[in-house]
Amino acid sequence: MTVSTLVVAEHEGGFVKPSSLSALAAAEAIGKDNNMVSLLLGGSGPGLHKAAEHAASSHPLVSEVLVADSDAFAHPLAEPWAELLRSVQQKGGYSHVIASSTSFGKNLLPRAAALLDVSPVTDVTSISEPRVFVRPIYAGNALCTVRYTGEDPCMMSIRSTSFSPTEAMSETKVAPISQVDLSFLSEGSSGKSAWVNLKSQETERPDLANARVVVTGGRGLKSAENFKLLEQLAEKLGAAVGATRAAVDAGFVPNELQVGQTGKIVAPELYMAFGVSGAIQHLAGMRDSKVIVAVNKDADAPIFQVADYGIVADLFEVLDELLKKLPDKK
Amino acid sequence: MKILVAVKRVVDYAVKVRVRPDRTGVETASVKMSMNPFCEIAVEEALRLREAGAASEVVAATVGPAQSADTLRTALAMGADRAVHVLHDPKPSHPLLPLTVAKILRALALQENPGLVILGKQAIDDDCNQTGQMLAGLLNWPQGTFASKVILDKEKATVEREVDGGIETICLDLPAVITTDLRLNQPRYATLPNIMKAKSKVIKKVTPEDLNVDIRSDMEVVEVTEPSKRKAGVILSSVDELIDKLRNEARVL
């Protein structure tokens, strides 16, 4: 079976984002042979063209990089992006379209799928055949294997923690870069939305979704002030800081740190949960972590059922001791 | 202006679901069902917009089997003015797909002519996170997904969205589709008098055929399984022991 895949990629600072490299790994899982992968990048300015060069040598399967250079794609607005995706799909006739389940991918892919009149598959965690996928349902408490039986393209968003990006390849193969014809932009609904601004927390810590170590606080942290202790621990471990819904709702930390069914999905090597009870919705976001540590004074907290190592104690005492005993990060 | 709100009946969020032994799905018989939490937030937001004078009528709609009428009654008890029930009882092997729901909602939107459609950002059973975006695409309306704040004036909606990097603000021409995130509002409880009053409100029943929507099932459920269990962990008695285990047993430090 011949496969041709379009990967919708995100970029930042002149590089393809790690989550999009995971989408390339998913393209590889669909088929290594006879799989021509095209990678679509949009935006404007020098960062886009630098990212296109990065994309061109990002994976051995990438056979073409398509660049949509327009101010219309400078911000992640679903309306112009969905029309871009429809237009590129109609020209390229791809059998598969893949994006990562980031807020960008989740916003864009279903809209584009509706324009193409096909049903996408959300949050694929495993690919067993080119049209057979596994995805979590019910907050990860069940795994559903589905077979897509509809028309081309088979569209999916993938869970990036389930597909490890291939190591950067050598310079031997560089895919050609071409510009996308943007004449479709004059029609359509592109003018109906406008981007105003993005408020983000500047942080020097690793990105939560890709961090090797994550330390998370729940309601047990009691205050925003106390979260600083977690940040100190994160500093020592080179970790990202996460939070439960309760901690976000209480205003301890901003919402983009929320881990769970409706927040971010993480699967780090080490996940340390302080004052986290372990509600179904939180476990959905971290149960695939390699090693889970839980510190909670309630011995019956559900978090201990998934933890590899647990300490039943006052989290502040444990945090203090950890901060004293762990060496500073090299 | 009229607001159309889509709601879904799902297994209650607090229920620990069990996979059926025959692997065809999860156990839903004699399990507590409720309105999807994100849909409750959508209803609440529509009611607040009406109470603030930005909307004149709130219409709740659902697609589902006969029992889904309970979910519409809940929306009416919260304060929705009337409801539309699109009757459809899907087979477990071919569940109702978001694209079909979006086509049904498009047909309703074209009948009702709302200035705004509000949906939850995802249903907590299928976790698809697709219907709102698809509806917006089919209607060729702009979309404000994962909304944590909505400000409405006559022609525009300003929406703050919860995105990976923080909070993004966008401005949409009306009519538009908005999907709700958890932090948009705190849904109200229906009071007993309002529950009584809701019994006399109208639920119009229609079928997908009435709306000229084909139920197409492009997705076949092969099997539903339990996720792999994590092996039992150990309770440690000291921080020293923890550091030792992480360093020498798990080798993650």
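Glycine is no exception: its Cβ is also placed from the backbone N, Cα and C atoms.
Per TrEMBL, the features are as follows:
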BINDING   A:R219, A:244-245, A:258-262, A:275-282, A:N296  FAD binding site
DOMAIN    A:5-188  domain 'Electron transfer flavoprotein alpha/beta-subunit N-terminal'
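Feature annotations (TrEMBL) mapped to structure.
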residue : record           : contacts (Cβ under 8 Å, 6+ apart)
A:R219  : FAD binding site : A:T244, A:A246, A:A247, A:A250, A:G275, A:S277
A:Q258  : FAD binding site : A:G242, A:A243, A:T244, A:R245, A:V248, A:K264, A:G285
A:Q261  : FAD binding site : A:A139, A:G140, A:I280, A:Q281, A:H282, A:A284, A:G285
A:V276  : FAD binding site : A:T216, A:G217, A:G218, A:G220, A:T244, A:H282, A:A294, A:N296, A:A301, A:I303
A:A279  : FAD binding site : A:T244, A:R245, A:G260, A:P302
Using DSSP, would you call A:H282 (FAD binding site) helix, strand or coil?
helix
Subset of binding-site residues A:R219, A:V276, A:A279, A:H282 within reach of chain B (CB-CB under 8 A):
none
When DSSP is mapped onto helix/strand/coil, what comes out for A:R219 (FAD binding site)?
helix
Mean per-residue pLDDT computed across the domain 'Electron transfer flavoprotein alpha/beta-subunit N-terminal' (A:5-188):
94
Under DSSP, is A:Q258 (FAD binding site) helix, strand or coil?
strand
